[in-house]
Amino acid sequence: MESVERKSESSYLGMRNMQPEQRLSLDPPRLRSTPQDELHDLLCVGFGPASLAIAIALHDALDPRLNKSASNIHAQPKICFLERQKQFAWHSGMLVPGSKMQISFIKDLATLRDPRSSFTFLNYLHQKGRLIHFTNLSTFLPARLEFEDYMRWCAQQFSDVVAYGEEVVEVIPGKSDPSSSVVDFFTVRSRNVETGEISARRTRKVVIAIGGTAKMPSGLPQDPRIIHSSKYCTTLPALLKDKSKPYNIAVLGSGQSAAEIFHDLQKRYPNSRTTLIMRDSAMRPSDDSPFVNEIFNPERVDKFYSQSAAERQRSLLADKATNYSVVRLELIEEIYNDMYLQRVKNPDETQWQHRILPERKITRVEHHGPQSRMRIHLKSSKPESEGAANDVKETLEVDALMVATGYNRNAHERLLSKVQHLRPTGQDQWKPHRDYRVEMDPSKVSSEAGIWLQGCNERTHGLSDSLLSVLAVRGGEMVQSIFGEQLERAAVQGHQLRAML
């Protein structure tokens, strides 16, 4: 027994002493680049986590170790991803120091679909030489910085099929036979973000997965000092360069991002005055209790989709506390403790260095050039019917205003404006099926062509649609929906071959 233990220990030490670059790397990419002028099988607009999950699922479907029939797939899918950013990045503007993920690392881009995949978070740790060290953290919640690095590591495996720095501007229907009335491909036009050059690629199938765009309250002026939370870590340091200066900084919002920024500003600019402005009466904790968390289980999408529109809306409202305008309890407690210590020193809140102004809304912002501070006008967010006593009016003079008011998820409407006429008669908006393929008039569009939407289907697929929780499983569903017939043919061929042996 002792010799076995020593042998095991020796083997472990040998692996532990290997440098990360000596460890086994992933297999050669199973997705290969396609010449731009060729007709693609699939073109994905955007290469964030949603598209990355599709790439991983397709890679795994072509891996004979995971899919016995993969060796019968003779033609590699012709696929390309177009991404506006110059490299893979996930919420780079909100990689706040010390911030952690809000979901388990098991909900990575592969594990829930197939834990044997090479693209699991645990394999990432193994390849980086940190697996044993991570276990010592005793947590399921990695640092947000590390999880972004995990996704970047995954993305690097697909560099051959991603065109970075390409912003898609429109999708145009096309016909191989000009005399035909049926669309059988799409032309995706993109602009190079550096040169402005326009490129065009033809594809049978299109996935739109461009994520959200910054939502800014109406009435806020265009000013470089008014910054959306998505650009906090990338833009504010360049604007307020001297960390020792006594800046005045305001944050608008009551959700996780607003709370993280408000908390981080106090460390980043220790001599500054910070103010958190919110419509709500208080920060509210997110509900991540086990039973409630089951709404993010991948199989719950089926149940949600099968409901009527009215039932879906009721479900969204009932589950709002899991995701919208809520903050993790641990952070709320930290912020409250900081506020309390100020109260110990001075009971007059107006004199505090860091303040929270609940039940307020911004009515207007005066800005008279970069040399003078912006003036923010506030009033009560309560309905006027509740009395004039609540009509508090205040002004703040600030060097910067961080706006953490969420995201819009309707950018696909603009990209697909030239395809709208292909919707069924009387349909005034895109209607995704359960497999995320949008409904089109079959008399106008070939069954070989299609468009899929990702991350903008909350009203039909539930709260998890724009979140990481379902991406591993959904990536597999997308591959099945797009390439299912090809994969099934390969499976049949495999069964026939084995039957002959």
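Cβ coordinates come from backbone N, Cα and C, glycine included.
Here is what Swiss-Prot says about this protein:
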- 1-31: region 'Disordered' (REGION)
- Glu83, Arg84, Gln85, Lys86, Gln87, Phe88, Ala89, Trp90, His91, Gln102, Val168, Ser466, Leu467, Leu468: FAD binding site (BINDING)
- Lys107, Asn293, Glu294, Ile295, Phe296, Asn323, Ser469: substrate binding site (BINDING)
- Ser254, Gly255, Gln256, Ser257, Arg279, Asn323, Tyr324, Ser325: NADP(+) binding site (BINDING)
- 366-390: region 'Disordered' (REGION)
- 381-390: compositional bias 'Basic and acidic residues' (COMPBIAS)
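Mapped onto three states, the DSSP output places Val168 (FAD binding site) in strand. Nearest neighbour of Gly255 (NADP(+) binding site) by Cα distance, taken over the binding-site residues Gln87, Phe296, Asn323, Leu467, Ser469: Asn323. The C-beta environment of Gln85 (FAD binding site), restricted to residues of the same chain at least 6 apart in sequence and closer than 8 Å, consists of Tyr164, Gly165. Taking the Cα atom of each, Ser254 (NADP(+) binding site) and Asn323 (substrate binding site) are about 12 angstrom apart. Closest to Ser469 (substrate binding site) by Cα-Cα distance, out of the binding-site residues Glu83, Ala89, His91, is His91.
Counting only same-chain residues at least 6 apart in sequence, those with a Cβ under 8 Å from the Cβ of Lys107 (substrate binding site) are Leu468, Ser469, Leu471, Ala472. Using a 10 Å Cα-Cα cut-off around Ser325 (NADP(+) binding site), the binding-site residues Glu83, Val168, Leu467 reduce to an empty set. Glu83 (FAD binding site) falls within a strand when secondary structure is assigned with DSSP.
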